[in-house]
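To start, the structure itself, in structure tokens.
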Amino acid sequence: MTRVALIAHDEKKPDLIEFALRHESQLETYDLVATGTTGQRLREETGLEVERKESGPLGGDLMIGAEVASGNLDGIVFLRDPLRAQPHEPDISALLRICDVHDTALATNLASAAFLIEGLAD
Ligand SMILES: O=C(CO)COP(=O)(O)O
């Protein structure tokens, strides 16, 4: 089954929820995983079933990165906050890097996220 990670920084979580609701019928055909708080909000505010990793600052980005390195993920939607520094910036960079190492589809804004979600559909 296609496995997709959904991640958003705090300022971008409302955008991700809205995106998930808009694409809910497609997303529910995927095996979904998210960082901790993002996953909690997706569970509470959408009808989607989402596996939750640790919160991003506590290692969640690295846990998602480990799945990329293991070849377990087909795509990642990661809505970063481009206007605020994050305390766990090294973890974020590591996740972006490992996606490039393994040529894993990565969308960091809403416009590309729609392409990714539709593009992974079979
Ligand atoms: O910080 C994050 C990604 O870098 C997201 O983590 P949360 O989903 O736990 O807020």
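Each Cβ is built from the backbone N, Cα and C atoms, and glycine gets one as well.
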Among His23, His88 - the residue TrEMBL places in the same substrate site as His9, Lys13, Thr35, Gly36, Thr37, Thr38, Ser55, Gly56: His88
Residue among the binding-site residues Thr35, Ser55 whose Cβ has the most other Cβ atoms within 10 Å: Thr35
Other CB atoms, at most 10 A from the CB of Asp61 (active site, proton donor/acceptor): 28
Predicted model, mean pLDDT over the domain 'MGS-like' (1-122): 97
